[in-house]
């Protein structure tokens, strides 16, 4: 579906893409994960033929996105990260217009999506909040079936209820055989939806694989008040970086070992427990020794 | 209160001085221009007599009163200055009113220990200061030009008060409408309607040629601009309009403040009109979008150009009925407006006046083409090109709408002028006027195609390039001869290359048409080769 190799793109003297590789196969939901400024949006714009890469090869649906943009776009639905609408077109008009560019909306589907996303289609573009602008673009993307869906940080303005509507739609189109590329800087969002993930940092793909393969990246952080001793917990399989802080034990647990660690804790007795998923920032700090702020400057 | 006012002044430190100084400079320049163009008292009397016989000029300018220099200044500039000050005050009111509420800035200020009325009262103070500054500068300008003191003060005070009346209108519009756009829209329409009523009233008025003055018809009495004019500064020096205007401004501002004191933050008396839930069938493809975005502007340009055509027709008709044997000096003045030494003055005026129509058409087309750049900067081009729309179609759509706009604008003014001549029985001029308008097309389209090329090839500086070239072209085309510019430079402006009908020399026209085609093709090719940039 998508095959990009060694993409390079410079804006002036800054390198936005520095030899990026990305492969998305048919039928999968592919997470494109990285901090802001890592080059995710630039990659997507190259894949859509909005930008021309300085070097590297790209193929989308088996074609060159720069030369054959129109042919490819008939089968691609895209939602940009920062949606701007025409101020004097209503949401409904915008949805119809954008879907017509690809051949026209499925009327029943359009009506159901507007209902599910709780969108008022009569409002003018200038009157929508960020979240509602995003919903207009999402309805336009889902209202006509496509082979490939590209979402650039699609849930950044949505509340949790709408995020779940979005997830349900992604699951629906994938069940129908479509392929999805989903960029995000939120690890948990990608975990919930994606089969495979590519992690991008400073214009380069640093890891790619299935979620299981990347399981070592997704440790859960625990903070527990327990009768068990520090040494006892540190010795359990899958426990890392165990230490004692203000009377609590603090440690990280590999996703695969959660069950055994929890069982051991329960046997010892627990009076308080908080568990937090690792943030992307922690992950990058741990694996690449980066502070995200530094990465931002590199690739901004 | 002081803090709020200082912050409002700081925000306006560039925009407001431009308006105030620009308008004041316009006032001062008019004195010099009137002294220059109208000549001595006899010259003024002759020209004002022509003006009194020409409804189009009365509509465009205003009412004269006597043969003093001040009378010529009042006739030339009062209504235009009122229009400018009206717009300045409407924008000032919405900028510090509805816009702050819509963008959420007002909420931040009111969350501090600041009363709900403070920003509104502070904006009123700002408006008073701005209009007062204009009045002081205008009086100084008039004094420098040698006009009598009482008339100068009266004229400036009337204009400042008209400004405050429209500040009241803008404030009230901000209370009524939900969005800044709608509020400014209402305000601007009120200003334009006030101007139009005055124009109609003056055009239909009863002239008194002996006293060189005019008793306007009833529509002028319905507008603050009309009342202000009736002060007749420099001759009659009536002060009653000052009281009437002050009272009207006070009432409008008071009503706006009372509504403001009762209204919740962000609420509006008029709900925003909701749009259609689905798109009409015509909204499809790149052209459908370009048309949808541009037709309101196109309509505006068309109405403006038709009005210009009517003015052109009635002015030329009036001039063609004059007997120049009595006053050859007037003939010389009118001839200097035309570009050739055509002996038939009326005929000489047609190419000069249709050149203005051509510039208007060029401006409308340039604006339509630059809309494509505006879309790109806003990020909306990306949304369209992510659909099955080619780069070629995108460029073609906006260029196509621009060409259509130019054609409609030229046709509208040509048809309006021709209809005027037909009604006046001036059959010689019917086809000449229409043809002379249409023959502007290649020159106007040259500016359009070059603007399209700039958008495609040099997007970041395209707006500056397009309007810059247009400005330079117009200045060279209109004033090149007056300024004694070298011949090659004069010939470089497309406006200079427009033929005067009837002509046998069509070569320049074909050259311009070829330039248009080449620039358009290059634009389409260049846009296919570049990255989208915001």
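Each Cβ is built from the backbone N, Cα and C atoms, and glycine gets one as well.
Because TrEMBL annotations are produced automatically, they should be read as predictions rather than curated entries.
Annotation source TrEMBL lists transmembrane segment at B:14-35, B:75-93, B:114-140, B:152-170, B:182-200, B:239-259, B:298-319, B:348-370, B:391-423, B:429-454, B:461-480, B:506-527.
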Out of B:14-35, B:114-140, B:182-200, B:298-319, B:429-454, which stretch has the largest tally of CB pairs under 8 angstroms to the transmembrane segment (B:348-370)?
B:429-454
The transmembrane segment (B:298-319) versus listed stretches B:14-35, B:75-93, B:391-423, B:506-527: most Cβ pairs under 8 Å:
B:391-423
Do the transmembrane segment (B:14-35) and the transmembrane segment (B:114-140) share at least 3 Cβ pairs closer than 8 Å, excluding pairs fewer than 6 residues apart in sequence?
yes
The transmembrane segment (B:152-170): which same-chain residues, six or more beyond its ends, come within Cβ distance under 8 Å?
27, 70, 74, 78, 81-82, 85-94, 97, 124, 127-128, 130-132, 134-136, 138-139, 142-143, 183-184, 187, 190-191, 224-225, 228, 231, 233-234, 237, 239, 241-242, 245-246, 248-249, 251-253, 255-256
Long-range Cβ neighbours of the transmembrane segment (B:182-200) (under 8 Å; 6 or more residues past either end):
58-60, 62, 79, 82-83, 86-87, 90-91, 93-94, 97-98, 166, 169-170, 173-174, 176, 216-217, 219-220, 222-226, 229, 270, 272
When only pairs 6 or more apart in sequence are counted, do the transmembrane segment (B:239-259) and the transmembrane segment (B:114-140) reach 3 or more Cβ pairs under 8 Å?
yes
Counting only pairs 6 or more apart in sequence, are there at least 3 Cβ pairs under 8 Å between the transmembrane segment (B:391-423) and the transmembrane segment (B:75-93)?
no
Give the nonlocal contacts of the transmembrane segment (B:429-454) in its own chain as ranges (CB under 8 Å, at least six residues past its ends).
309, 312-313, 316, 320, 346-347, 350-351, 354-355, 357-359, 361-362, 365-366, 368-370, 372, 395, 398-399, 402-403, 406-407, 410-411, 413-415, 417-418, 421-422, 461-462, 465-466, 469-470, 473, 494-495, 497-501, 509, 512-513, 515-517, 519-520, 522-523, 526
Would you mind listing the long-range same-chain contacts of the transmembrane segment (B:506-527), meaning Cβ under 8 Å and 6+ residues beyond its ends?
391-392, 394-396, 399, 439, 442-443, 445-446, 448-450, 452-453, 455-457, 494, 497-499
